[in-house]
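According to Swiss-Prot, the protein has these features:
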- ASP13: active site, proton acceptor (ACT_SITE)
- HIS41: active site, proton donor (ACT_SITE)
- 12-18, 40-42, ARG304, 330-332, 412-414: GTP binding site (BINDING)
- ASP13, GLY40: Mg(2+) binding site (BINDING)
- ASP13, GLU14, GLY15, LYS16, ASN38, ALA39, GLY40, HIS41, THR128, ARG142, GLN223, THR238, ARG302: IMP binding site (BINDING)
- THR298, THR299, THR300, GLY301, ARG302, PRO303, ARG304: substrate binding site (BINDING)
Amino acid sequence: MAVRVVVGTQWGDEGKGKYIDMLAEQSDIIVRFSGGNNAGHTIVANGVKYALHLIPSGILHTDKTCIIGNGVVVDPAVLLQEMKGLNERGVTTDHLLISDRAHLVMPYHKELDVLQEKFRGSDSIGTTKRGIGPCYVDKIERSGIRMCDLIDENEFIRKVKANLKLKNLIIERVYGGEPFEAEPIIKEYLGYAEQLKKYITDTTCILADAVDEGKNILFEGAQANFLDVDFGTYPYVTSSNPIAGGVCTGSGLGPVYVDEVYGVLKAYTSRVGAGPFPTEQNNEIGDTIRELGLEYGTTTGRPRRCGWLDTVMIKYTAKINSLTALAINHVDTIGKLKEIKLCVGYKKDGQIIRTFPASLNELAKCEPVYEVFEPWNEDISNVKLFSDLPQNAQKYLNRIEELVGVKIGLIGVGKDREQIIKVF
């Protein structure tokens, strides 16, 4: 039995889907454990591009069980649309299961998300306005509606009506918005219930049984460490815990069963939306990285901010997640630049530091300290062995390992899931 976890080490969009898809081949069960459809994975298989937002990337493997865990918040309309899109392309979703403890994103969550961002003005967080944050708020304040409620008609109706009493007051009196009527929501969501009920079950018990049976389980992280509500660049974060620790709370599996944790990173850094970014290159270099790496959001289509790889961040992530291996993408992309810089520390108040500050005010005082590397400018898309990489690429990767303190196990040299060097 092997229980593996794949997490992002930066601000998301690191290319986790490709490695998840590869590791899924060795797994019996693939689990999504946090976030909602504010995250996105892109997989390229046999030249076909699949963009997934809720369904685990392992769905392409029809002999595997795919689970949406209790830590995920589910917009049923989005989920059903995603299922339909897969079905239309010949991919079955019959092997998908949804935790009966997962919370539902409701129409008023999405409306509140929009109204709150508008209200914040210049202090807006930069949410995707998909209702994820307000849904997690309801979960924590114990007024959320779960999948088990969706398939219990009387309970669902009761909860919707009870919630709207307060939600409509907030929408109308605080934000000046239009109130919701209960009946249209009830009718819409009971329609979703009819379509989804066969997928909804107690997935915690299924995972416990799988462990007892010695099955291989893969936990698919969405987003990344620096979007974590506790360990990210707060408040420019998501509303959940997409770190390895979130596996346990987002699925019900105990921590002693986790064997391996892969941390996925790019050979540079990117992020979408507002928030600090110490190594950002708001210049021609950043523009070049964006174009070479096709850095546009899977979910939003927004251009991503781009900059140099920051090993202070990656080392911090390695500690938080107990990483056992790194998986690095875009080694082919970064090698095309005229020169490559690697952040090895920060200079703050005249001192060199190698830790990541919690305070954004303190982080703003940090100036990246760089080492410069020569590019390789070679086509490495078909390289299968680390030793066959250009010497300049090997030097860059070896230095990353040295600074982070974790070995690189997987190296992405192209978009396709087959374009991976397996170091160990």
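Each Cβ is built from the backbone N, Cα and C atoms, and glycine gets one as well.
Counted over every protein chain shown, other Cβ atoms within 10 Å are most numerous around GLY12 among the binding-site residues GLY12, GLY15, GLY40, GLY301, PRO303.
Distance from the CA of GLN223 (IMP binding site) to the CA of ASP13 (active site, proton acceptor) is 7 Å.
When secondary structure is read from DSSP and collapsed to three states, LYS18 (GTP binding site) falls in the helix class. The binding-site residues considered are ASN38, THR128, GLN223; of these, THR128 has the fewest other C-beta atoms within 10 angstroms of its C-beta. Taking every pair among ASP13, GLU14, GLY15, LYS16, ASN38, ALA39, GLY40, HIS41, THR128, ARG142, GLN223, THR238, ARG302, the residues recorded as binding IMP, the greatest CA to CA distance is 34 Å. If you check the recorded positions HIS41, THR128, GLY301, ARG304 against GLY15 (GTP binding site), the ones with a Cα inside 10 Å of its Cα are HIS41. Just so you know, of the recorded positions LYS18, HIS41, ARG302, ARG304, the Cβ with the fewest other Cβ atoms around it within 10 Å is the one at ARG302. When Cα-Cα distances from GLY40 (Mg(2+) binding site) are compared across the binding-site residues GLY12, LYS18, ARG302, the shortest belongs to GLY12. Looking at ASP13, THR42, VAL331, VAL413, the recorded positions in this record, the fewest other C-beta atoms within 10 angstroms of the C-beta turn up around THR42. According to its DSSP assignment, ASN38 (IMP binding site) is coil. Under the three-state DSSP scheme, PRO303 (substrate binding site) falls in the strand class.
Separation of the C-alpha atoms of ARG304 (substrate binding site) and the residue listed as 'active site, proton donor': 15 Å, rounded to the nearest whole number.
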